[in-house]
Amino acid sequence: MNLNNSRLREKSIVLIGFMGVGKTTIGEMVAKKLYRDFIDIDQEIEKEYNMATSEIFQNIGEKAFREKEKNVISAFSKQSLKIISVGGGAFLQEEIRKVCLEHCIVIYLDLSWESWKERISLIIDSRPVLQGRSIEEIEELFYSRKPIYSLHNSKVETDNLEACEVADYIVDSLKLAWDLHEPQ
Ligand SMILES: Nc1ncnc2c1ncn2[C@@H]1O[C@H](COP(=O)(O)OP(=O)(O)OP(=O)(O)O)[C@@H](O)[C@H]1O
Ligand SMILES: O=C(O)C1=C[C@@H](O)[C@@H](O)[C@H](O)C1
Ligand SMILES: [Mg+2]
């Protein structure tokens with residue numbers, strides 16, 4: 001984990017990666033293990049509009065969703081001690097990348113296209129960005145989004161790992177980094 005700055009232990013953790021890699025599932029587990037609050041940005045936006053993400057995209061539009069996403073992330077990323085799962089498209093926005101990298105520890109959950117494809121049926125109905133696209137178009141989107149996740153403090157390869165194994169790995173890595181940088 002490549003980190004500087006003091007008060008590392010208090011920084012919030014932000015999970016990034018393509019939709020469906022497990023940011024929400026794993027973020028929730030990491031939060032429980034570290035006794036921290038879990039914030040899922042998609043869920044925060046859904047609460048504000050009292051609508052599912054697909055409905056927000058349909059009724060209000062993606063532009064408004066992205067603006068809200070930026071504002072919600074800007075606010076939460078400046079708070080300490082949170083585990084934050086951002087939406088798969090959040091890092092498309094430079095301001096979001098900047099604010100997260102400035103204030104938080106950013107962890108990229110990576111998954112190969114081959115493994116991701118096996119998970120598509122779990123998420124297709126609730127992810128408006130995937131709807132109406134062929135598998136070839138989704139593959140293109142998957143690879144075109146890869147570079148936006150390249151700015152991070154740590155990457156976790158999640159292929160062939162259960163969500164709880166990824167969560168354990170993240171918690172262990174964090175504890176190691178904290179002890180190394182700020183011995184108690
Ligand atoms: N390591 C894993 N192995 C197998 N299935 C997983 C794993 N992690 C998550 N899943 C499953 O994949 C689906 C998508 O996970 P999740 O909603 O956490 O993804 P996400 O990264 O938050 O997506 P989004 O960016 O769209 O919010 C869920 O059904 C979840 O149970
Ligand atoms: O990758 C994306 O663009 C998205 C991912 C989801 O988490 C949601 O934020 C929304 O469905 C858009
Ligand atoms: Mg999610």
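Backbone N, Cα and C atoms are what each Cβ position is placed from, and that goes for glycine too.
Annotations in TrEMBL come from automatic prediction, not curation.
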Check TrEMBL: it lists GLY20, VAL21, GLY22, LYS23, THR24, THR25 as binding ATP. Then name which of ARG66, ARG97, ARG127 it lists for that same site. ARG127
Of GLY22, GLY88, ARG127, ARG145, listed as binding-site residues, which ones have a Cβ less than 6 Å away from ligand 2? GLY88, ARG127
Filter the candidate list GLY22, ARG66, ARG145 of binding-site residues, keeping only entries whose CB is under 6 Å from an atom of ligand 1. GLY22
Cβ under 6 Å from an atom of ligand 3: which of these binding-site residues qualify? The list is VAL21, LYS23, THR24, GLY88, ARG127, ARG145. LYS23, THR24
Among the binding-site residues GLY20, GLY88, which residue has the largest number of other Cβ atoms within 10 Å of its own Cβ? GLY88
If you count other CB atoms within 10 A of each CB, which of THR24, THR25 wins among these binding-site residues? THR24
Around the C-beta of VAL21 (ATP binding site), how many further C-beta atoms are within 10 angstroms, looking at every protein chain? 24
